[in-house]
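Participant: For reference, the structure I am asking about is given below.
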Amino acid sequence: MVAKVLDGLAVSAGIFERLHRACCELENNGVCPKLATVLVGNNPASRSYVLSKHRDCNNIGIQSTLIELPANTSEKELISKVEILNASSDVSGIIVQLPLPESIDQNKVIEAINPDKDADGLHPLNLGYLVTGKQGIVPCTPAGIVKLLEAHRITLEGKTIAVIGRGTTVGRPLGILLSGKGVNATVINIHSRSRNISGLSRIADVVVACAGVKHIVEPSWIKPGAVVVDVGINQSGVSSSGKMILTGDVHPLTKNIASYISPVVGGVGPMTRAMLMSNVINLSERDFRKRLYAS
């Protein structure tokens, strides 16, 4: 058995089409959605990802602006830039590209973003809404993973799902999202201090690998027929043609055991970007409704 592919490119294409129509409708009402991205330093991977986000904006019809700051930018200077964007009436959504230099407290910067402009869905208020089940802005990658599975008609309700990794951008919010009333799965949160990691993973119907460790998930960790979602994007050198070699958190031979598996390229990545664009549109629509009711 060779696993079927969880095709994030195909699923995201349909989402982008819907978002383009929503953007046109907003423009017809005099609203121009706009995403502001702040990039600190010159990390090649971060720069490449930011540029891909802005290409998505252009394709959908969302305006975008990129604020580039040097690597030696102080935490105070960065937060000051964020506050300027918070006060800008033409900016619908804000993202500060992660990771940030070690000298900057990532949490303080995220907390400085206006929750009503938090396009990444990582502000404590929006994460709190996720916990309580109140409708808010959901972190992009967790939302994208759920959409990807739903698009392939993979039932999650009542299933046991192992989430390997407990980062604040994927692992933790994904566990909350999957165990919430909207999905109703049983979630096993696995991390580096967990005992019997392989055994815990092997009982799961769905395994989501988001540890950021190359090929940490071995074929022996997967029960036959399980669904595997590989979130990992690990840089493993450069090819002879000069292209960056990317590897996931899941060993390639796992495809011979799983029923479905997401590819490293074209799996979760396009879904994350689609959910970011969806968040920007949602923030624009919310702001439009607020102003409409206030008038």
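Glycine too: its Cβ is placed from the backbone N, Cα and C atoms.
According to Swiss-Prot, the feature NADP(+) binding site maps to GLY165, ARG166, GLY167, SER192, ILE233, an assignment based on sequence analysis.
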Participant: Any idea of the Cα spread of the NADP(+) site, GLY165, ARG166, GLY167, SER192, ILE233, as a max distance in Å?
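Facilitator: Per the listed residues, the maximum Cα distance equals 18 Å.
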Participant: Name the secondary structure element type, per DSSP in three states, that contains GLY167 (NADP(+) binding site).
Facilitator: coil
Participant: May I ask you to report the DSSP-based helix, strand or coil state of SER192 (NADP(+) binding site)?
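Facilitator: Its secondary structure by DSSP: coil.
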Participant: Once the chains shown are all counted, how many other Cβ atoms turn up within 10 Å of the Cβ of SER192 (NADP(+) binding site)?
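Facilitator: I count 11 other Cβ atoms within 10 Å of it.
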Participant: When you tally the Cβ atoms that lie within 10 Å of each candidate's Cβ, which of the binding-site residues (GLY165, ARG166, GLY167, ILE233) has the highest tally?
Facilitator: GLY165
